[in-house]
Amino acid sequence: MAVPGDAARVRDKPVHSGVSQAPTAGRDCHHRADPASPRDSGCRGCWGDLVLQPLRSSRKLSSALCAGSLSFLLALLVRLVRGEVGCDLEQCKEAAAAEEEEAAPGAEGGVFPGPRGGAPGGGARLSPWLQPSALLFSLLCAFFWMGLYLLRAGVRLPLAVALLAACCGGEALVQIGLGVGEDHLLSLPAAGVVLSCLAAATWLVLRLRLGVLMIALTSAVRTVSLISLERFKVAWRPYLAYLAGVLGILLARYVEQILPQSAEAAPREHLGSQLIAGTKEDIPVFKRRRRSSSVVSAEMSGCSSKSHRRTSLPCIPREQLMGHSEWDHKRGPRGSQSSGTSITVDIAVMGEAHGLITDLLADPSLPPNVCTSLRAVSNLLSTQLTFQAIHKPRVNPVTSLSENYTCSDSEESSEKDKLAIPKRLRRSLPPGLLRRVSSTWTTTTSATGLPTLEPAPVRRDRSTSIKLQEAPSSSPDSWNNPVMMTLTKSRSFTSSYAISAANHVKAKKQSRPGALAKISPLSSPCSSPLQGTPASSLVSKISAVQFPESADTTAKQSLGSHRALTYTQSAPDLSPQILTPPVICSSCGRPYSQGNPADEPLERSGVATRTPSRTDDTAQVTSDYETNNNSDSSDIVQNEDETECLREPLRKASACSTYAPETMMFLDKPILAPEPLVMDNLDSIMEQLNTWNFPIFDLVENIGRKCGRILSQVSYRLFEDMGLFEAFKIPIREFMNYFHALEIGYRDIPYHNRIHATDVLHAVWYLTTQPIPGLSTVINDHGSTSDSDSDSGFTHGHMGYVFSKTYNVTDDKYGCLSGNIPALELMALYVAAAMHDYDHPGRTNAFLVATSAPQAVLYNDRSVLENHHAAAAWNLFMSRPEYNFLINLDHVEFKHFRFLVIEAILATDLKKHFDFVAKFNGKVNDDVGIDWTNENDRLLVCQMCIKLADINGPAKCKELHLQWTDGIVNEFYEQGDEEASLGLPISPFMDRSAPQLANLQESFISHIVGPLCNSYDSAGLMPGKWVEDSDESGDTDDPEEEEEEAPAPNEEETCENNESPKKKTFKRRKIYCQITQHLLQNHKMWKKVIEEEQRLAGIENQSLDQTPQSHSSEQIQAIKEEEEEKGKPRGEEIPTQKPDQ
């Protein structure tokens, strides 16, 4: 009996025995055949299969054979037409006589006089139909190659045939509609009408380069057919040529199907319609393998048939680039074998790279950020060049959990002194550069998942820490632990790689019945997010107790360092006596077993909390997104969440002591959107979506407050309006399922609820789709660009541009953000808006940090809520296949989309508000301004957009603004009550006994919303409309005065930054912006309220009124200066505002 490994080797290695007559074919047949295939037994006896198998397997051989055969047939026909092939003399004479008799009365319907028949030189002796047949075959060949080119460029077969149908329509219009005679079909008007019809169809279907080629070919074919097909009527000749073209395209489609596809070509059915043009920028695509010339050659010489890549370079594992089943089939049992060869670093190559970077640094035209990045790489290379070559054996991928192996850069090891940066170099480098040097290659530092330097402080040590703790084999869930993990060198090891390796193993084990996927905030799968996710698992949010409204209820709730996550597991390899289900901590995501109930029980309000004891731990990987906004405190990971799990005494100020957290439970059925998926009684309100003051609270009343479907309904309408369902082939049911589960996960709290998420989603949609005066777009005519996007890694629908159906402005004086932001990035912005406050507890980041909440410990006190929102929302997305509405995105697109969503959510942290505003102001005031072809600039614009949408309440009309103000104040008061019950100092504006509503809103507008709107407006990105001269003369009083204060100077700055000189003619024109008008009006309203309160307080006690009055007058003066000089940079105001934050 053959061993499976031997069978696999027989499949992969050439077979030298078997069929003696055709050894090559037999070898290929054995190589490609499936052992279980029924063809395997009969392939030896089928001589035709043995001969054709090499042709089918080799793309070059099949293409060469096809081209050669067609060329031979064409040459043969041409020679027959010219009479160069011998024929019977009597037949030639008979053909000549018949030709003379037929030519005597004249050709009916002919265009040019003269004899019919073949070409000069003996062609008349042949059959009179041979020349037309040869000509039609030539036209068929021409369209064959053109059709093959179109199909391989991504054009579908019906669209290609539709182009020729458009030509037929043009011919019918010329001959029947316009009444052009047969003698004038070659005239310029007739040809112009036909080619115009073809050009119109081409403009909608093809890119510019393909369209020009199609028009040129069709024009030439039409002319040749009208001149040369003399055996047919003139009116029939173009249709015969088009018929030959259809046959040629059909033949091309058939040939394309039988020829093997290239590895880089995407499936034709996934390209979609080409109605949306693509972008100009080149999108990098993952290659299957990267090699270093000298290193790989040395490796191959030392280990014969085994080839290795340089593990010092980052690489995406193959199992992420293809399905697990395909990867397992390709690698076979050999994938688990370990090679003990060493990895060498070529010092000469590093020296050459250092020299190239030094030459680049000598260029004075490089931007400062590029120079800084290159200087960082140069310093790293120069440091490594002082050391000898590093030899480090590869780690055996089969790692036993009982070995307690550790591979963390932040811990002591024998190789750390060689790999880490010397302390003398760390002291000599500036902090910003040091953070860049220590960064890791992950999705945080690269939007597309490729290795690029990111100026954000991403620390390598935090993202590369992996620990495999010792676990007894008798653990109840030991079968669920990853037992095989491929580890690369620590310098290139990332969290995304570690998790993907673990998930690859877990996917195999969890494919068995009863296996459940473990959801953890730390996991971030890189490949298809739902591979390996069983159908029996679900993450469901169930709120045990809502936030209390008084201190009495908060004092009665239970304590717990872990939020227990219990579920039942079943596995085939579990022993029957194990009945205790494992418990998962929902804060850190790791399983732990419950200890003895008698061991130090903590009882409060009748609830006993047992101290957990850790028995098992899977690979721990800290998320890269935790370090986006970090300070320069330390490069060593602190496992505070692990310490929190083992901590027995609970502090009084713990967040768990104040409220019962939501429990995540694994259920048998997912949360699915109810029927009907789209509610049909909301059309009257949904028609107002294109207004800034959308009546969202009226929509809540119509839907029903207890229904909770507002987010999914509005999301569907906005996605459908933008055409995103068609552009990305989004399945509607999965889309509605996820967004319904997402809105259910929002808690019923006063402000940060599903209504707020819907309002933010509507705001970002409005800011990106409505007309913006003076904004130039990178595309024209709604999606038509140049033909320079054919090398892009994405299809047109994915990297093209989408427009709202409500955007019907044809004036080039207006533009919109959706014309500058690709569709994938725009959809990521919308999804981020829907996710951005998911599972918000109704407390601020400062409160969670002060009370040492589990989330604060998990995310190291940095952007705690924002990290939690993103992690929880993505965990929900990856928990069920019913939620995967991004199923048609490939690996690179999904990684890019996930990166954009997370970055947009993290940007909503108000602690980083002034940093974003200052960075954006610097970009706007730069000579170049916003470069829409730069992905980083577009990301910054999207971050500013979602920040403005998140705090858009003061920019709404008075009625909506007061409703939102009531919600945030009530939520603040609940936090103040809890702080008082815990003995903590009450945060400003959160004391229910001393309300300061007017001061809160006035300060928030003056210091937060005002500067943000000012920066956004100064960049020329605020929707509005030009104020015509007639409107200016008709306006009086307030509107015009307010417009003179703010938008007029702003338009000067906008026009100066525009590249087009035409915009300078509108330098003096005014812009009416509804958003800024509401902001100014609401600010004036709160100032009047403050003045009235001060006046009433002054009547009672004049002496106590002096200090607050002077302080308020300073704030009022500051906002007046802002209104009058809105176009000026606000750099001098920011330092005075930060202390107020």
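Note that Cβ sites are derived from N, Cα and C of the backbone, with glycine treated the same way.
Take the Mn(2+) site that Swiss-Prot assigns to HIS836, ASP837, ASP950: the candidate from HIS740, HIS756, HIS762, HIS1007 listed for it is HIS756.
Feature annotation (Swiss-Prot): of 1-42, 295-336, 379-420, the stretch labelled region 'Disordered' is 1-42. When the residues SER520, SER987 are compared with Swiss-Prot, the one annotated as phosphoserine is SER520.
As annotated in Swiss-Prot, phosphoserine applies, among SER57, SER293, SER492, to SER492. Residues SER428, SER527, SER593, SER1006 are shown; Swiss-Prot lists phosphoserine for one of them, SER428. Between the listed residues SER438, SER550, SER776, SER1015, Swiss-Prot assigns phosphoserine to SER438, with no corresponding entry for the rest in that record. Comparing LYS287, LYS509, LYS1067, LYS1120 with the features listed in Swiss-Prot, the residue bearing the annotation SUMO2 cross-link is LYS1120.
Within 10 Å of its Cβ, the residue among the binding-site residues ASP837, ASP950 with the fewest other Cβ atoms is ASP950. Taking all protein chains in view, 23 other C-beta atoms sit within 10 angstroms of the C-beta of HIS752 (AMP binding site). Binding-site extent for AMP: residues HIS752, ASP837, ASP950, GLN1001, maximum pairwise Cα distance 21 Å (rounded to the nearest whole number).
In three-state terms derived from DSSP, ASP837 (AMP binding site) belongs to neither a helical nor a strand segment and is classed as coil. Note on the domain 'PDEase' (674-1093): mean pLDDT across this stretch is 85.
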